[in-house]
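Colleague: Got a structure for you, questions after.
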């Protein structure tokens, strides 16, 4: 990227310049001289753009950030005097302005060079922050020396580092980075283009700026986040492809969504009438059963409302990758796309095979994105040498795999899935060499798999003395619970070139420090460690997190996300872009609803029309600023003037005083509401640049406050102020690695806001829901991106037991949030969370509670059949109409929902079945485990979901049986309902014709339960259709107890009423 000195024209040459905003001629003033908007740097801006910037922009020069002076003929803004400013006055003030800039520069230098007395050590020289480097700067690690000696490099070109064994490091130097980050990056940088395009585009030079249609927003804050997609543009603007929006919000056709909404309202009315009838018509001879059923039905109605109404405004979105390329990635020019740091997390290489992780990493390294903008960080929270060595092999294979992918533009770029595709791989291939190179690459990959399998076989038995590396030094992670932090840079420096001599993306291995007595917070803690390491080493403004089994299926996925993140109007308010989860290796019928299509294709699309989808743990591109706990730059609401002020005029002084009062209230109340972050990014920047740090005491207070919030690392604190990312150019690789080791130490987060306000939030095993909720509560919005080719694909547990354990973990996390201070029922009412979005979050936390009424409701049919009683009295014709209408409205809602979403009826029905299966098993256990954790402090172990691939073929894992206590409740329900059906039919046979009528209602509910549990029954039978003995024993035991109780209450024998034989004899 060219420097500012090279890009800014001299004042004398500006007459032949064009406006850098609209590409029109700069023009002349009324005196016939070239128009100069900024007398400091002479940045070429035409008169209309200058006027627009003064009125609706930052009122400062985009190049040097000097506040614009009012030229002759310009209307006053912001309380300026009414008299016209002359050009002479502007010229006379130029020296004064330059003096102000010099003074500001001195203040910034004093801020940067400020250092406190408590230092972390003299061996580490503080980096120089006087100059910020572009995003493509890579701190190449070329000397090949090992810094600490604990982790040897596998090759001379690599450098690695492990933290010292002494434990926690002391406090570090306190120093701040210069926040004036746009200086020196030229008017062609991304930040400037975003801000220019972010202005409401003016249709004509002399016309009033266009209006943007904003829907009224709920809660506090600005208008519609998606205003950029509703801008009414002029034809001349539309012809400029580079200025058009990068994405578009597409509403569902009214012919499909309006009938759906009408049925929802109709169903709500029918449901109200139905519940009124049920409450006002008790069953005297079965009062307990009636009461239980009514309570369950009321809860079901409540949960349905929470689930249904957030789907009121579903939307689709379209992206324009060609416009993104025109604006930020033009051919032959330096790419202006933002850098992305990609996180891959893994724990246990035996449950998460290294070959699966390797395929994910390879798909990342081969992504269709500028290589200098991509950095891959692999978190090994198990400190396994197997993962380290597998990653070393992966980096070597990537040198051959990446150029092959990019040369022939293949999809997907995970070799395991590419070579296993059952398609014609020669389709659209015209190069004769492709077949030969593909065959050679497949052989290379098979040899790579053999090497990885050899490492896995070797790792099955741990040596008594522990693992030893190639140079003879012990592996630092032999004790997984007590080991130093480790960082290894495999690619992205000298020697990190592919077979064609091209640069490869950076690949970094990270294993955070672990010591006994410290709380490490499982996956959330590992993700926060990656946030800090990446901020120190590369500091990309955007982050993508992936599970180790989720590979990039669409090589242009990052570009899809950038269409939202880098959109000038929409991007500044977006905290993350969530992609749907798609899966490989699932059986054709999807027996256990692993695809979860209803959630990803219906629920999340509905939330996208409100404030955005929830964060689902993987396949999500984050805005780093949002993770740091900052507020989005929302625009204030413009209030219309009242009658009094419009008639008599308002006082400027009064409004000025009131605005000052409001700002002082805002500052004084920042710590009151935990929803609003303690700091706003704009406040910090203004504080560092302005006159607030004239004395060193104020500077010290600000530094101490920032380090208290972000931790004792001046380098990391400095990176948080770089909104556009990048690392200091003068920082040496050794100093950056030392700082990176420091920020992953186990005591770094002590007495900081990590896990409470910053990064991934602690307090739940489902940290994803909690993290997204905190961002939405601050006012951010999220985006749901569904490209035609799925962006990411992963593996799902198709085995019944593994699937139930996965659902158990999700439900347990929701219960933990429900009983925490972050519960959406009472948290964040002072923030900017919209009401329908709150409904969705409440639903995600209370849905496990539905297990209790669901279990009771599924038991009622068996009880009614065994006792001869029923939960509904004899109904009239009118009441029967309401019953039938309720069932019809339920089916109509489902059918219309499938119609607008495109979800198939088989997928919808599988989701309904597994809702019952998971509800009476995993959700039920989650409720009790959550209560034990809250009330008794008994914590449960986190179970890592197995990512093993289907190597045996024919979905062998689908039929594998693994015993778990989660199988007992649904098995018992199945048996007692089957016994109830037999008992009810036997009773009707013995009682005569008149008992068959009431029997049909009871049998209907019993068969409703059995049909919903049918996939579970098939899972118990397995491939051989035989039920395991232990399941049979438990089920028979519980069913027998229940049956004995029923015999005690009402036996099978028919009670015959007649005369007393003892009194009148047989002939009576």
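Glycine is treated like the rest: Cβ placed from N, Cα and C.
Keep in mind the model is a prediction, meaning the values are calculated, not measured.
Okay, so TrEMBL annotates it like this:
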- 381: active site (ACT_SITE)
- 768: active site (ACT_SITE)
- 345, 351, 352, 381, 522: UDP-alpha-D-glucose binding site (BINDING)
- 86-100: compositional bias 'Polar residues' (COMPBIAS)
- 651-669: compositional bias 'Basic residues' (COMPBIAS)
- 14-84: domain 'Cellulose synthase RING-type zinc finger' (DOMAIN)
- 66-107: region 'Disordered' (REGION)
- 646-671: region 'Disordered' (REGION)
- 260-279: transmembrane segment (TRANSMEM)
- 286-306: transmembrane segment (TRANSMEM)
- 846-866: transmembrane segment (TRANSMEM)
- 878-896: transmembrane segment (TRANSMEM)
- 916-936: transmembrane segment (TRANSMEM)
- 966-989: transmembrane segment (TRANSMEM)
- 995-1017: transmembrane segment (TRANSMEM)
- 1029-1049: transmembrane segment (TRANSMEM)
Colleague: Restricting to the record's UDP-alpha-D-glucose-binding residues (345, 351, 352, 381, 522), give me the longest CA-CA distance in Å as a whole number.
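Modeller: Those residues reach a largest Cα separation of 16 Å.
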Colleague: Measuring Cα to Cα, tell me the gap between residue 768 (active site) and residue 351 (UDP-alpha-D-glucose binding site) in whole angstrom.
Modeller: 21
Colleague: Would you say the transmembrane segment (846-866) and the transmembrane segment (966-989) are in contact under the rule of three or more C-beta pairs closer than 8 Å, pairs 6 or more apart in sequence?
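Modeller: Yes, since the transmembrane segment (966-989) and the transmembrane segment (846-866) share at least 3 Cβ pairs closer than 8 Å, they count as touching.
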Colleague: What are the helix, strand and coil residue counts for the domain 'Cellulose synthase RING-type zinc finger' (14-84) according to DSSP?
Modeller: 13 helix, 6 strand, 52 coil
Colleague: What is the interatomic distance between the Cα atoms of residue 345 (UDP-alpha-D-glucose binding site) and residue 381 (active site), given in whole Å?
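Modeller: Counting only the Cα atoms, the answer is 8 Å.
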Colleague: Going through 260-279, 846-866, 878-896, 916-936, 995-1017 one by one, which has the most CB pairs that fall under 8 Å from the transmembrane segment (286-306)?
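Modeller: Looking only at 260-279, 846-866, 878-896, 916-936, 995-1017, the most contacts with the transmembrane segment (286-306) come from 846-866.
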Colleague: Mark yes when the transmembrane segment (878-896) and the transmembrane segment (260-279) have three or more Cβ pairs under 8 Å (sequence separation 6 or more) and no when they do not.
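Modeller: These two stretches do touch.
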Colleague: Using a Cβ-Cβ cut-off of under 8 Å, list the residues of the same chain that are 6+ residues beyond the ends of the transmembrane segment (846-866) and lie near it.
Modeller: 286, 289, 292-293, 295-297, 299-300, 303, 306, 811-812, 814-815, 818, 916, 919-920, 923-924, 926-927, 930, 969, 973, 976-977, 979-981, 983-984, 987, 1002-1003, 1005-1006, 1008-1009, 1042-1043, 1046, 1049-1050
Colleague: As a test of reading the model: what is the averaged pLDDT for the domain 'Cellulose synthase RING-type zinc finger' (14-84)?
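Modeller: Its mean pLDDT is 76.
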Colleague: Between residue 381 (active site) and residue 351 (UDP-alpha-D-glucose binding site), what C-alpha distance do you get in Å?
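Modeller: About 13 Å separate the Cα atoms of these two residues.
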Colleague: I'd like the number of other C-beta atoms within 10 A of the C-beta of residue 768 (active site), please.
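Modeller: Taking every protein chain into account, the count is 24.
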Colleague: Sort out for me which one of 352, 381 has the most neighbouring CB atoms within 10 A, since those are the recorded positions we care about.
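Modeller: Top count of Cβ atoms within 10 Å goes to 352.
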